[in-house]
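Visitor: Here's the feature list from TrEMBL:
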DOMAIN    1-298  domain 'Biopterin-dependent aromatic amino acid hydroxylase family profile'
BINDING   His162, His167, Glu208  Fe cation binding site
Amino acid sequence: MFEEGQYFAPVTANEDGALEVHLGADHPGFADPEYRARRDALATLANNWRPGTPAPIAPYTDDEHRVWQVVSEALVTKHRSYACREFLDGKESLGLPIDHIPQLAEVSEWLAPLTGYRYQPAAGLVPLREFYGSLADKAFWSTQYVRHHSVPLYTPEPDVLHEVVGHGNTLANPRFTALYELAGQASRRVQSADALEFVSKVFWFTLEFGVLWEAGELKAYGAGILSSPGEIEAFRGMNIRPLDVATMGTQVYDITDYQDVLYVAESFAQVEDVVGGFWADCTDDSIAAILARTPAHA
Ligand code: NLE
Ligand code: FE2
């Protein structure tokens with residue numbers, strides 16, 4: 001998913017319609033001209049995509065397929081140990097390849113009979129309202145580029161591994177997609193920027209970085225943990241707090257590092273009740289009332 005921050009590289013267009021992605025000096029691909037050319041090419045491809053058509057075919061290089069394979073292989077046993085049941089069920093139904101990057105168009109075809117969600121290619125940062133709103137139409141805005149080969153275990157910047165391994169396996173399970181749809185509907189219902197930000201923070205601490213108890217063990221259900229072979233080994237040692245919408249919606253966080261504050265649900269059903277229930281009913285007024293009594297906390 002997309003949040004504003006230093007890792008969301010600005011994208012500009014040349015006169016000929018080609019896009020240029022401006023990586024920051026601290027980005028691992030900054031000094032790698034080949035990587036930068038790949039980022040520009042994939043952004044341009046996404047930019048030429050037209051709604052209602054399948055996502056464009058990204059011609060990945062062997063090196064890019066290798067990064068996917070390294071991460072996917074590392075995640076096989078880590079998912080078995082640390083992913084919640086509902087994610088593992090989705091993963092089994094979707095059956096993503098391990099040895100090569102699937103195309104977004106293929107993943108959409110595989111999701112069609114499972115939940116009907118489909119991937120739309122994003123050239124750069126998608127505005128919050130657009131990103132979340134599309135979820136209500138079962139459409140998921142997604143990057144297509146691959147993280148730099150020097151940082152396979154963790155990147156703060158969402159890449160195709162995060163979108164497809166992290167989110168895709170959840171988008172294959174109807175219990176998860178019911179939550180994505182509710183988040184999308186909530187984002188369309190609220191008008192104020194504050195309320196939208198609140199909805200997106202609840203998303204961040206649940207569908208991106210949520211954890212839950214399963215038979216006495218702490219498991220992850222958030223896509224951001226489940227796409228990172230590094231963070232998935234670290235989340236159990238973080239500051240684990242009880243699930244609470246008011247707290248999650250006002251929590252300040254840093255997108256550039258492992259999340260050190262996480263919110264735990266007693267079960268997947270509690271996520272559905274508490275978080276799904278919040279998204280199902282929230283309005284500008286109900287969120288304003290929560291904000292009035294809950295100061296932002298670091
Ligand atoms: N940190 C995640 C990963 O390395 O896959 C991506 C998170 C994007 C919000
Ligand atoms: Fe995400």
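In case you wondered, yes, glycine gets a Cβ from its N, Cα and C as well.
Annotations in TrEMBL come from automatic prediction, not curation.
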Visitor: Can you tell which of His162, His167 has the least company, meaning the fewest other C-beta atoms within 10 angstroms of its C-beta, among these binding-site residues?
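Guide: Counting other Cβ atoms within 10 Å of each of the binding-site residues His162, His167, the minimum falls on His162.
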Visitor: Could you say whether, by DSSP, His167 (Fe cation binding site) belongs to a helix, a strand or a coil region?
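Guide: Assignment for His167 (Fe cation binding site) reads helix.
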Visitor: Give the number of CB atoms, excluding that of Glu208 (Fe cation binding site) itself, located within 10 Å of its CB.
Guide: 25
Visitor: Which of the three DSSP states, helix, strand or coil, fits His162 (Fe cation binding site)?
Guide: helix
